[in-house]
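**Q** Below you'll find the structure I mean.
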Amino acid sequence: MTLQWTAVAFFLYVEIAVNLILCIPFISAQRWRLIFSWRIWSWLSPYWNKCFFTMIMVLIVLFLDAVREVQKYSGPEPMQDAKVNPNLYDHVHMKLFRAQRNLYICGFSLFLWLIMRRVVTLLNQAAVTLENSAGLQAQMENAVKAAKQHQEDNQTLKQALLEEEKSMSAKNQQLKLEVEKLAGQLKAAEDAVHKSHAEVEAMRRQAKGLAHEYDRLLREHHQLQNLQSTEDKKDQ
């Protein structure tokens, strides 16, 4: 195996190990997000896209070269030459096997390179989604608590309003009784006033009658005195 294909094979083994580590179930997405937020990754982030696309281009070129090698050694001409020379037959099959091996190594390296980037992206998205869902869950719990508190406050206010309404009803009933009592007292006072007015009117009439009788008696008295004085004069 040449140096370039040794490097590709080593790269493939590293990709397999990294993908297996990323797929470990007991490491949560939040932990991976904490790991991805290390300062070293922020330092390497400007070069990450360039490195990613550079590796894709290199692997595509090697993949196309491996495809060319497979087509080269699986064509009709090498097979015809191999049939003529038995030693060449083993050599052609060995070259074809190496070309196919290189094709598989390069293809799997390219595939796992794309898969690894996608897995990292999904882990970050899952961590963000979990954080958002936790925040939404906390907001929902706070909203539920606030709704329960409002409901309890409304129930307390409703109970207070009912008690106040009962108290107002009792006060209104008491005021109504007091008004009825005062109305009775007012009616009794009015009757007493009317009665006193009638008595005053009767006394006034009686006093007027007595005054007329007194005047009449005075006139009679004067007449009697005049008669008496006249008789006294005659006797003299």
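Cβ atoms here come from the backbone N, Cα and C positions, even for glycine.
According to TrEMBL, the feature domain 'BAP29/BAP31 transmembrane' maps to 1-133. Per TrEMBL, the feature transmembrane segment maps to 7-27, 47-67, 103-120. Sequence annotations record features per position, and here TrEMBL assigns coiled coil to 133-227. Feature annotation from TrEMBL assigns domain 'Bap31/Bap29 cytoplasmic coiled-coil' to 178-236.
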**Q** Work out, from DSSP, the number of helix, strand and coil residues along the domain 'Bap31/Bap29 cytoplasmic coiled-coil' (178-236).
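**A** Counting residues by DSSP class gives 58 helix, 0 strand, 1 coil.
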**Q** Which whole number is the mean pLDDT over the coiled coil (133-227)?
**A** 83
